[in-house]
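K.L.:
Take a look at what TrEMBL says about it:
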DOMAIN    3-117  domain 'Response regulatory'
MOD_RES   52  4-aspartylphosphate
DOMAIN    145-374  domain 'Sigma-54 factor interaction'
């Protein structure tokens, strides 16, 4: 008998759906808010989740992210009011299986549940058949996906050097630059690639849940802890664990992380038995940790333990030479994900991609290409298939007028000042326009005392 979870803060809706599904032969758990739903998920093997989008404590959107981080194979069906359909569509992009507007059509809900469970069972059987032929991504894969720019080639060389060591690695860079890909590469090229590789997004979990998720808990440790649970560190023993958004962890969890790194030991929440693990820790953040240390939000001693090796990934706007290769790879990926035929991209469209600054980095590029592939009517993605902000981008040259007779230094200072003004004080963009490195620009600004 399949176990379902119905989460909705409206009692009549929650109990009405539960009663109907029980009559159809399902075992149904109910929850009146996101926290209660999460407790049920932690303690029961749930086969599918039906959740309201708007709930107290933890919203349906937050619950979806947590569930997909822990077990992406659990079908997640969203219930939403007509006014929040856009949010439901966003949830579909985040991994929800389907959504229904209220009032809920129970027969349609039943059909969606049956389809979702069948798809999950088919996928599970396929995984069982393939479990002995899983092939880790090899070096040639990463040589292709890392790109051709000099900086990314240097990062790949660093990854190859450190992959087989046990050193902790801190991966830094803006959102969407590909920090998780770096973590994947380190694991796949390591000596531990036949052992567990567990990923946790620290920003997606509350403080109390994160501690239990990482270190596990004993029965009775807190309300809802009806059985013992192993944490991610215990499950990752002999393997690798990747903690994304590491800066978001609480001071209490930071203390326990420091102890794991120093002694390889910890206790489950509510427990007294000391557990010992052999793990390699990879972490990532899009924030400046040293600034967080100065603010008193992050432990300096923990930072030194995490930062044995640092890999900083530059934003896409600083390595635009990678755009053609990334575009080719990403089109192939999104075509496969959407069951679409792979398409080429026109030169005009590629030029438009190159001219754009990509504040969302590779993640934004992938989203743009996915949209273009789906909307494209021909065999090729053309400029008109791109979003207006990209196809109508006015990233053009500008003129600087300098008086005759000024010195070269004065001319250089004025050019830098006007370029900074044109780029709205974006130093990366300014350096790109001037065709100099960001460090060189910083030195020039200091030398000429430009404010």
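From the backbone N, Cα and C atoms, a Cβ is placed for every residue, glycine too.
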K.L.:
Treating G and I as helix alongside H, and B as strand alongside E, what does DSSP give for the domain 'Response regulatory' (3-117) in helix, strand and coil?
P.N.:
58 helix, 24 strand, 33 coil
K.L.:
I'd like the Cβ neighbour count for residue 52 (4-aspartylphosphate), meaning other Cβ atoms within 10 Å of its Cβ, all protein chains included.
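P.N.:
Excluding its own Cβ, residue 52 (4-aspartylphosphate) sees 26 Cβ atoms within 10 Å.
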K.L.:
Within the domain 'Response regulatory' (3-117), what mean pLDDT does the predicted structure show?
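P.N.:
When the pLDDT values over the domain 'Response regulatory' (3-117) are averaged, the result is 86.
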